[in-house]
Amino acid sequence: MTTYKIKEIFYTLQGEGAQSGRPAVFCRFSGCNLWSGREEDRSKAICQFCDTDFWGMDGENGGKYNAEELADKVIGLWPGGSEKRIANSEKQVGEISDLRGKPYVVCTGGEPLLQLDEPLIEAFHRRGLEVAVETNGTIAAPAGLDWICMSPKANTELLIQSGHELKLVYPQAGAEPERYEHLDFEHFYLQPMDGVDAQHNTRLTLAYCLSHPQWSLSLQTHKILGIA
Ligand SMILES: C[S@@+](CC[C@H](N)C(=O)[O-])C[C@H]1O[C@@H](n2cnc3c(N)ncnc32)[C@H](O)[C@@H]1O
Ligand SMILES: Nc1nc2[nH]cc(C(=O)O)c2c(=O)[nH]1
Ligand code: SF4
Ligand SMILES: [Mg+2]
């Protein structure tokens, strides 16, 4: 049986992009193909600006799970989710989900597509969850995802060239927006690169969106709010 290595699982609001403000359970997978996650390796990594600790399994609800265990843990964090689990087995899930919104899981990381596969997506779906992914686009997506947010990185080959949302961290030398504007996505966002130049990068991003209105600004609202 497949086991999934999970850094942390928590309930919050989606802070970024087109679904910003929507309640979601975040499932952060351990590991990434573009950086080891160790600080001493950052300067030689393909992706050097990562704002996330995805190394290991030591976060909130972190650990090894099989698909059924992971889907149970995720739906259990949704308000009323335990009742929903019972209702699901009694085939009354519709009545409860109408009142409590469609349960939503965002699979992120690290790079979730190193691990997320069809059996896990099916296990989420059986519990009434809508399944979103945040991916760097370098690994093909399994079938069945409800929302694909692809965030391209410089000096990588994109295997995902269509989806719902393209969210580019800006500015990135070698990953200029012009390279991605013809891809098959419904929404195009620029997200200011956080770090030492965050304020300057926000001004640059704002200016780029105003002069190239195909692109909208994505602020990391969870950081503004001081939530996870
Ligand atoms: C931590 S990544 C995990 C998912 C996947 N590996 C990816 O890169 O899309 C989640 C989101 O945070 C963005 N991100 C990472 N570091 C950032 C930073 N320093 N400033 C702004 N956004 C950042 C990524 O581009 C991606 O859209
Ligand atoms: N609130 C909140 N929204 C997010 N959107 C994308 C995130 C990520 O790390 O993938 C993230 C995150 O870590 N927290
Ligand atoms: S690809 Fe995503 S998780 Fe990996 S290092 Fe870059 S931003 Fe972080
Ligand atoms: Mg984050």
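Every residue, even glycine, has its Cβ placed from backbone N, Cα and C.
Curation does not apply to TrEMBL; its annotations are automatic.
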Per TrEMBL, which one of Thr108, Thr135, Thr138 shares the substrate site with Leu13, Gln14, Gly15, Arg28? Thr108
Per TrEMBL, which of Gly110, Gly226 sits in the S-adenosyl-L-methionine site along with Phe49, Cys50, Asp51, Ser151, Pro152, Lys153, Gln191, Pro192, Met193, Asp194? Gly110
Per DSSP, Ser151 (S-adenosyl-L-methionine binding site) is which: helix, strand or coil? coil
What span in Å does the S-adenosyl-L-methionine site cover, taken as the longest CA to CA distance among Phe49, Cys50, Asp51, Gly110, Ser151, Pro152, Lys153, Gln191, Pro192, Met193, Asp194? 19
Do you know which of the binding-site residues Leu13, Cys50, Thr108 end up with C-beta under 6 Å from ligand 1? Cys50, Thr108
What is the maximum Cα to Cα distance, in Å and rounded to a whole number, among the residues Leu13, Gln14, Gly15, Arg28, Thr108 annotated as binding substrate? 15
